[in-house]
Structures are given as structure tokens and as C-alpha cells.
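Annotated features, as they stand in TrEMBL:
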{"type": "DOMAIN", "residues": "9-490", "note": "domain 'Major facilitator superfamily (MFS) profile'"}
{"type": "TRANSMEM", "residues": "44-63", "note": "transmembrane segment"}
{"type": "TRANSMEM", "residues": "75-93", "note": "transmembrane segment"}
{"type": "TRANSMEM", "residues": "105-124", "note": "transmembrane segment"}
{"type": "TRANSMEM", "residues": "136-156", "note": "transmembrane segment"}
{"type": "TRANSMEM", "residues": "162-181", "note": "transmembrane segment"}
{"type": "TRANSMEM", "residues": "201-219", "note": "transmembrane segment"}
{"type": "TRANSMEM", "residues": "225-246", "note": "transmembrane segment"}
{"type": "TRANSMEM", "residues": "267-289", "note": "transmembrane segment"}
{"type": "TRANSMEM", "residues": "301-319", "note": "transmembrane segment"}
{"type": "TRANSMEM", "residues": "331-350", "note": "transmembrane segment"}
{"type": "TRANSMEM", "residues": "356-378", "note": "transmembrane segment"}
{"type": "TRANSMEM", "residues": "467-485", "note": "transmembrane segment"}
Amino acid sequence: MSHRQIMEALSGLLLGLFVTILSSTVVSNALPTIIADLHASQTTYTWVITGTLLSMTITTPIWGKLADLVSKKLLIQLALVIFVAGSAIAGQAHNPAMLITARVVQGLGAGGLSALVQVIMAAMISPRERGRYSGYTGAVFALATVGGPLIGGVIVDTSWLGWRWCFYVGVPFAIIALIVLQKTLHLPTTKRKVKVDWLGATLFSGAAALLLLWVSFAGDKYDWLSWQTAAMIGGALVLAVLFVVAETFASEPIVPLRLFRIRTLSLSTLASLFVGVAMFGATTFLSQYFQLARGDSPTKAGLMTLPMIGGLAVASTISGRIVSSTGRWKYILVLGAASMTVGYALLSTIRYDTAYWQVAVYMFCVGAGLGMTMQNLVLCVQNQVRTQELGVASSTVSFFRSLGGAIGVSALGAALGNRITHYMMEGLARIGVHTSGTGGSLPKLSALPAPVRRVVQDAYGHGIGNVFLYAAPCALIAVIVILFIKEVPLRTSNTQPAPAGAATSGRHAQRREPELVPAGVGNPVPAVDGQVTALATGVEESSDAGAIRGVVRNGGVPVARAVITLIDVRGHQIGRATTRDDGRYALPAPGSGTYVLIAAAGDHDPQAATLVVGDRPIDFDVTLTGSGGLAGTVRGTGGAPVEGAMVVVTDVRGEVVAGGTTDAGGGFLFPAVTAGVYTLAVSATSYRPAAVPVEVGNGLTRQEIELLPGVRVHGTIRAEGRGPIPDARVTLLDAAGNVVGVTMTGPDGEYAFTGLREGEYTVTATGYPQVTSGVDLARQGEDAHDLWLGHPAG
């Protein structure tokens, strides 16, 4: 896709993302007022947020899996509709239970939006360029996060609006996003038989729900060490084990366990879990700090959070540009997680009377850390998986981040409630107010006497400081996990990922990507960025083994007998070598200068790269990729293979690339089809023709085709007294009068129409005065229908 097409489609995606984030930020600043107005407790405050996170967490992998099976455009529009419905219900809530239920519905839509935005961006943009566009995502995140609290504060402080409009404000944006996406988002859809692992989804939902319920209620409804704790943890573990078993045997698992064999994905999901705990769990309570500890209005509380949002916006935009230009991301992740850790550690020292400039600096550190980690954790995973698995891989990372957030909000919310109760009872005792409890509802500071108000402010300031203290170790664990992730430079296209660890930069060899490199003889060899993954480092050994040396691999496996050719910039051959069984090669160079190295081997695509050779030997490893290939099976209804079906592959210009018929098992194979986007067309007798888009990557791509049954109608055109009429024109019309087909009769007067749908048709024959007759096709197979032509009598 061109930059213009990407930006047009991205406008609708970012608007949908804006709606999702706005729903959380608008409500978060208004929650203290909402909870007080509904006469609810701190537990309700926590569950209004946890309910959304829980439903979002549970459904994120399902949305991601569906994105790999059906239309991504349809899914994101469905998510927007669900979100709008939840918002409308929340605005009508008159009690805490109804509000929490509506927020759960909102979470269903938000889960789809958060997962699908990442998936669709990955489908449109290569990993290397994705960093550039991630800056736009960060900017939208910052805008919604900045605008949300301000809008929420203004709405709450405006008497003729009220807090219910906090839920309605996102509805117009969602409707606009629906319209924009309908007009701008155009992605090829590979139609596959949709099989969602509902058993796995149910088991997973149960395990997650039990775990979150336990974290929320422990220490409040029952002790941490109690039979309820044992029952809930035990039940969650049993369901988790059953979930793993179900995913092992499922044909289309919600979370393919084989993906966790990829080290980057496993560690990134673990890091996302702890980032989610810190991010959602701690920042959720900032609005309470400013409104209940410092006594600010909702509008002012929104303004107070600007430093954190500014840090997030600046860091996400700058880090996105850096990652896109360099292809390196690990040090950005480490720096981001470390910044979060420091920020939370500093925030743990705040109290109700801490100078605001100090709080602002601490929040900026946290915001900058979030900006550098959130998008880049998803990006490094997308760089390591196949195009066909972008949906489930992206949603897996988002799922673990949301799961961490749900756990964080529940656990830290429960801890905050306990600490506030403790500090308030201590404070009230100091001023001579004796009470057995502080009550369950959130206080209204304006209605409290001055001494009691100071106690409440101190309790909330101290308690929320404790929450940040608990969040800091989670961010630190994320730093440690990220350190173990192995960095792989970002790919420059959406083709198969290169093997991990295949590339790094060095001092004595520099890679360039010219558009065309003369190969000395024959046609020019394209040297496209991203085709060659190379390792070039200076070595100290003598050059008697060759000035340029290295290993040729494919998928981490050495390639033997690959031909390595070295030419100068004028196209003259300087040297030639063949790799050994271990894939190693060595070539001499006549001296310092710029050379072109070309690698070719059998069934692999040739690769070329430009090297700048100094006065010392260099190592240069080359990764060859397979030359593609397309295979699959054509089946009819019921799964029976269709033998003799005609299969044709055309490119984007409509030119035929390959073609043939299926074998006895319905299979076809076109090994010469290279990576790219094609149209696969299939036709067979007694079946309706079918055509599907298919994206061929490096290596063999499989595409299954299911043909629907077709009906054939045939007959003979005759004239009274003359028998069969040759060359008569026969027209077939459907029930609406549209022309379905036109044919001429053969020498024997016969005609036929094939590949028809069931239904009513009209057959018209001309040559003599026109004769029209109806025919009803109601089953697979053939229908005979003869017509008689003649001149009218007299």
C-alpha cells in the first residue's frame, strides 16, 4: 500500500483507538464523583475499571483469532457497534450493578478495537516502517489521554451536563470511525472456514475470572489465607490446565501454544503482563489522588495529569522514529521499563501535601516509560511471526497486558482500600474521633469538617503512595525480562521473518542497498533492502583464509554448495567460491573498496548486497530464503476431494502465472510461484467456479479451496418438421431478468449452461421467432430442457 492509502485507512483505525482510550480516560477522572453519586464503595470503584479490563482481556485473543480467519474490516466495525451499545447502557445506569454490567459490555468492544488496530496495521505496514506509524498511534494515545480527563472534568463540573455524558461523549466519534473505515479500509480477505475454539475460550474465561475475583475479594470479603482462597486458586489452576490441554488438540486454538516456542514472544508477553500491572494498576488511582488527597476539582485533576501524558506523547513519537530509522528496539524497551521503575519509586514518596512540581516530574518519568514500551513490545513480536499469525500473536501480547492490568487494578485496589481504612482509623483516633469503621462510600471532602477532611486527605495521599510502591517492583521485573529478549532487526517487508540472531552491525563492513547491482554477466541482480540479513564484524585474525568470509544459511540451517560471487562496481568478477557442507565460504579481495557480493543456490532466491571493505578481513553471513511455492487441496461439499479441477493463478495485473488440474486427491502444486499477492481461480464440472486472493510468502504457502455445488442445464433446439437447429442463439436469464449466459447451439442443436446456482431461470432461443420457457433448477446435477422453434401457422 502507498503512504497515502495507509494514512487514509489509518485515519479510521486511529479514530477507533481514540474512542477506546477516551472511554477510559474520561470516566477515570469522573469516577470519584460517579461512585459518590451512586453511594458506592471503593470496591465498586475498582470493579468499574476491572469489569472493563476483564471482558477486554478475555475477548482479546478471540478477536485476534477471528482476525486471522475472517474480514478484519467487518470485525473492527462490529467491535465499534458493541462499544457504542455499552456506552449507551452505562449512561443510563442508576445503580452500581448496572454500571459495572455496562462497562463489561464496553470492554467487549474495547477488546476488539485494541487488538484489531494492531493487527490491521501489521497487515498494511512492514515491521521496519511500522515504527514510523506507531508514532501516530502514540500521538492519538496521548491526545485521548490528555483530552479525556479534561473533558471528563468539564462534563462533571458542568451542572447541565452531569457525569452521564462521560459515557455518551465517545458515541459520535465511534459512529464517525464506522463511516471512515467503511470508505478507507480495503484489505484482501482470505476466506477460510471459521472454526473458533469455543471450549478453549470458555475454559480460559473461567480461569481468568476466578483469578481476578480472588484478587478483588481477598482481604475484604475473606482472609488471604482461607478456604475461599484455596478454592478459587485451585479452580483457576484446574481450568488453566484444561485450557492448555484443549489448546493442544484444537485445530484452530485461541492461543496456539507453538507460538510460545518463539523466545521473543514468550518473554514479550511476560514483560507485557508486568507492564500492564504497573500501567493500569497504578495510573488508575491518580484521579483519586488529585481529587481526594489534594482536594482538586475534576477539571483541575485532569490538568494535573498533563506531565505524564506529555512524557508518553514525546517518548512514543521519538522512539517510534528512532526504531523505524535504525531497526533497533531493545534498548528503547529497556530504557522505557527502567524509566517506569524510577518513576513509580519516586511516586511512592508522595503525600497529600507534596509539591506539585515534584509529582509532575515523577509522572513524566512514568509517562515516558509507557510511551517507549507499549507499542514496541507488540512490534518486536510481530517481527518474529508469520504474516498469517499476526492477529493471534498481536492479540496475545495485548491480552497479557490487559490481564496484568486487570490483576493490577484488582490487587492494588484491594490494597488501597485496606491502607486507606488503616490510615483513616489512625488519623481519626489522633483527633479524638472514635469509630469502629470508616464506612464503605467514598467521601465528599466539601461536606467534611476541616479536621476530618485533613485526615481523609492524608489517608488517601499515603495510601495511593503505597500503591505506587507496590507497582515499582512489577516495572523492575519487566526490565529484567526485557534484558533476556534477543534483539532481531526489524524486517522491511511483511514476508516471512528472518531467523533470529542473524544480523548485527559492525565496524569494517557497511551494507548498502542499491536498486540494481550489475552482475558482470546476464541480467542485473536486484539488491532490495531486507532480502539479505548479514553479520559484518571486524576480526583480528590474518587474512590468509580470505578477505571476506562467512556462512550461508536458510532458516538457521547451513546451505551447502551455494555459489558466492564477488564483483566490483564496474561489474567485473573479482572472485568466486562455493560453500562447504557447513555453509562456510571464503573469498579474497584485491584491496580496499566497494564490492558487490552475490549468493545463489538451487531452490533459493538469489541475494545481493554491497560491502565496503577496509584493510582488515570481515565476516559477512548471508541468509537465503526459499523461492516460494503455492499448494493446496480442492474439496467439494462434505470435504470430498475434487479431481480434475482447473486451477489458475493470476498476478495483480491479471496475467496468468501458473495453471493446471488437480490430482486424484484434489491436490495442486505450483512450485515456481514467488512471494507476492495473487488470485487463485478454480473451476470444475458440476461445481460453481471460485476465486480467492492469496498471499504467497517465502517457502511453500498452502491454500485450501471449497467448491459449492453447481447445476447444469442442457437441451436441444428443434424446429417443427426439421429436427435440431444448429447455430440458434440461446440466452439464460435469472429470476430478476439478468442475463446469466449466452451460447449458440452445436451442429446437433444442443446447448448447455454449467456452474449455475439453484433457482428459477428463463431460457430464450432465437433463430426462428423467439420462444421462451421457464426452468427451475433445484438440485446439483443436470436438467434436460428441450425447446421447439417454428413459424406461426397461417
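Every residue, even glycine, has its Cβ placed from backbone N, Cα and C.
Per-residue pLDDT, averaged across the domain 'Major facilitator superfamily (MFS) profile' (9-490), gives 81. The recorded stretches the transmembrane segment (301-319) and the transmembrane segment (356-378) share 3+ CB pairs below 8 A when only pairs 6 or more apart in sequence are counted, and are therefore in contact. Most Cβ pairs under 8 A with the transmembrane segment (467-485) among the ranges 75-93, 201-219, 225-246, 267-289, 356-378 are made by 267-289.
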